Amino acid sequence: MDAVILCAGSGTRLYPITENRPKPMIPIAGKPILEHIIEKIENHVEKIYLVVGFEKEKIIDYFYGNEKIEFIVQEKQLGTGHAVLMAKNYIKGDFLVLNGDVIFESDILEFLNYENAVGLSKVDNPENFGVIELGYDNKVINLLEKPNEDEIKSKFTSNLINAGIYKLENFVFEILENLLPSERGEIELTDALKKLIESSKLYGIELNGYWNDIGRPWDVLSANNYFLKNIMPKISGNIENNVTITGNVIIEEGVTVKSNSVIEGPVIIKSGAFIGPLAYIRPNTVLMEDTFVGNSSEIKGSIIMKNTKIPHLSYVGDSIIGSDCNFGCNTITANLRFDDEPVTLNIKGTKVKSVRKFGAVIGDNVKTGIQVSLMPGVKVGSNSIIGANCLVDKDIEKESFVYKKDELIIKKRN
């Protein structure tokens, strides 16, 4: 059996961290989302076909050389069904399909017991997903894509949703070939599922344990926390005197931790990172390759991507910081509202409540001057510069230059 993983989309709801990388390549617990998915299935399939599109080179370069993996380029993103159809000439038997942004704990083996099956997850907000209703013997009897509250009340009693994992027979390719485009002008995989439902050929498998469709920035941190709970400690690198390390911490070769720094696991610090002196790395933090956290800086519950520098007297909490950033002295990410309500983020023009504590989302190659403060939920686009003494309380588009124009008054004392 083979597998198809859908990796071609651009992930606009996760801007700015997807401005320069495909969503499946966002690092979670030290490795891309896509690598976590591949590790879940690679021992159960012969070939894995990655359908790539947006920033495809980043996926191809990372996984090139893995004999089990082949790449299929979807030049135009014409829907999930079209992406699956791209694999028709490569696959001769039954196959798995997985969305390239889904993290799941459940074992994939149960899917192999069915001819056609869809993974299901129970959620509190089914209106954000495709809702599925099960009948006798776990057969799927209805599917409604992102229903509103009235549709849920009138048509469904289910809070089971499509979890983005499928086992399909080969004839599904024929169904996909004969589908008409949706209102969005795309060939939808869910329309093929509806054809299977009409002929009573689709079963639902409720997933056990953790599941997360990585669609919004706080989903990234949630998945990061999930994986960090299960790491085993391994300390390498150059650890100087008077460094305190507690909990489960992974420090790779090539890391330097200067004296009087404190690291509280779970934490992963990748090769080439430089920590301290007097740095404080708090739980649920991942520092990717060649990062720098300097004197008296504190990082908590955050992902800091490759080659980013947070040199001194700064605080980064519950945030996602892109690669190649450089923070000036005393750069602060606020992560809590006075009213203790969930932090609100702007997602594609709509204000969406996230979680109680959430900091900032910073794109790649962002530079801040001294004493820059970022309010909870703020996003800063890639290649932007924020000048000294700025309080950033709104989203900043990529390629922006932000500065505050104060007038300095100088008078003689007498």
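Using the three backbone atoms N, Cα and C, a Cβ is placed for every residue, glycine included.
The annotation active site, proton acceptor is assigned in Swiss-Prot to His312 on the grounds of similarity to another entry. The UTP binding site annotation in Swiss-Prot covers Leu6, Cys7, Ala8, Gly9, Gln74, Gly79, and the record cites similarity to another entry as its basis. According to Swiss-Prot, the N-acetyl-alpha-D-glucosamine 1-phosphate binding site annotation covers Thr80, Gly130, Asn142, Asn162. Sequence annotations record features per position, and here Swiss-Prot assigns acetyl-CoA binding site to Ala388, Lys405 based on similarity to another entry. According to Swiss-Prot, the region 'Pyrophosphorylase' annotation covers 1-208. Feature annotation from Swiss-Prot assigns region 'Linker' to 209-228. The region 'N-acetyltransferase' annotation in Swiss-Prot covers 229-414.
Counting only residues at least six positions away in the same chain, no Cβ atom sits under 8 Å from the Cβ of Lys405 (acetyl-CoA binding site). Between the candidate binding-site residues, Ala8, Ala388, the densest Cβ environment within 10 Å is the one around Ala8. Annotated pair Asn142 (N-acetyl-alpha-D-glucosamine 1-phosphate binding site) and His312 (active site, proton acceptor), C-alpha to C-alpha distance, rounded: 56 Å. DSSP gives Thr80 (N-acetyl-alpha-D-glucosamine 1-phosphate binding site) a helix state.
Those residues of the chain, other than Leu6, Cys7, Ala8, Gly9, Gln74, Gly79, with a C-beta within 8 angstroms of the mean position of the UTP site C-beta atoms are Val51, Val52, Gly53, Gln77, Thr80, Ala83, Gly100.
Residue counts for the region 'Linker' (209-228) under DSSP (helix as H, G, I; strand as E, B; rest coil) come to 12 helix, 3 strand, 5 coil. In the predicted model, the region 'Pyrophosphorylase' (1-208) shows an average pLDDT of 92.
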